[in-house]
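> Shown below is the structure under consideration.
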Amino acid sequence: MEPGNNTQISGFLLLGFSEKPELQLLIFGLFLTMYLITVCGNLLIILAVSSDSLLHTPMYFFLCNLSFVDICFTSTTIPKMLWNIQTQSKVITYEGCITQIYFLILFAVLDIFLLTVMAYDRFVAICHPLHYTVIMNHRLCGLMILVSWIMCILNSLLQSLTALRLSFCANLEIPHFFCELNQMVQLACSDTFLNNVVMYFAAILLGGGPFAGILYSYSKIVSCIRGISSAQGKYKAFSTCVSHLSVVSLFYCTVLGVYLSSAATHSSHSSAIASVMYTVVTPMLNPFIYSLRNKDIKKALKSFFVKETTKLSQH
């Protein structure tokens, strides 16, 4: 293969976690289980919100979008990995790799944007309760989701287009279970300065910016809660934020853990294992975090299944 001619690239090899044959069945079963739990759990959240008119509020509207994005996020990587294990193949086509990078970045950044929008929603609900319905109207909620999608699509498109300009030599092995942009850039023979600039700029702007927004929202929320005189009022106000705060902490801590572990060990294998936390585990745990503490969602699901059971019994 000639350096600088990426038209001859047929694909990459995804090395995954282990090459030991005896571990493949265990890895397949573990990831299939986590994937099914993620899809079913997030679908139940969407079902609960869409079936109960009492849950047609901004908070649950954003939660519905987060659940949909989490399903798409895990569906970008896990099915391909499961297929490769099943067929005993490690190959992903060049086009498939670029496509996976595009959607992975899209849904990862969308997760961040939605968590930021949800933080703003909690800020308005606690700090401006009397004006909540006026501020968080349907038009604004729809506009925030639309702007989030547009910005994420443009960012993902830019990242993918810069990846397309790369040329590769002999080494086409990606030490991951999915096509990760940074790993792909490291394999390139051509100049990667532009790719690194775009990656780091996007990370600071689209990762650090929303995180600063979340911190600002919660600093205002804490200030408002401290101003509430009754202990019961403080508890009630804080309890509306617990689920969201848990998801934010889980997402950002796992992402931070991936990059810190990668920087500390300089091991791609360690980075692959650590990345499972934010690509698989976090989307799987989100429905549990939101539903276990949420009486409204549990009530909506119970009501839905009772209605469906009644309909079936009548037939």
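Glycine too: its Cβ is placed from the backbone N, Cα and C atoms.
So TrEMBL has the following annotated:
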- 23-47: transmembrane segment (TRANSMEM)
- 41-290: domain 'G-protein coupled receptors family 1 profile' (DOMAIN)
- 59-78: transmembrane segment (TRANSMEM)
- 98-120: transmembrane segment (TRANSMEM)
- 140-158: transmembrane segment (TRANSMEM)
- 197-216: transmembrane segment (TRANSMEM)
- 237-260: transmembrane segment (TRANSMEM)
- 272-292: transmembrane segment (TRANSMEM)
> Which residues, given as numbers and ranges, are at least 6 beyond the ends of the transmembrane segment (140-158) yet have a Cβ under 8 Å from it?
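Cβ under 8 Å, 6 or more out: 58, 61-62, 65, 102-103, 105-107, 109-110, 113-114, 117, 120, 198, 202, 206.
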> Relative to the transmembrane segment (59-78), which of 23-47, 98-120, 237-260 accounts for the most Cβ pairs at distances under 8 Å?
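Answer, by Cβ pair count: 98-120.
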> For the transmembrane segment (98-120), give me same-chain residues lying six or more residues beyond its boundaries with a C-beta closer than 8 angstroms to one of its C-beta atoms, as numbers and ranges.
59, 62-63, 65-66, 69-70, 72-73, 76-77, 80, 92, 144-145, 148-149, 151-153, 155-157, 159-160, 163-164, 178-181, 184, 202, 206-207, 210-211, 213-214, 217-218, 244, 247-248, 251, 278-279
> Across the whole of the domain 'G-protein coupled receptors family 1 profile' (41-290), what does the mean pLDDT come to? Round it, please.
88
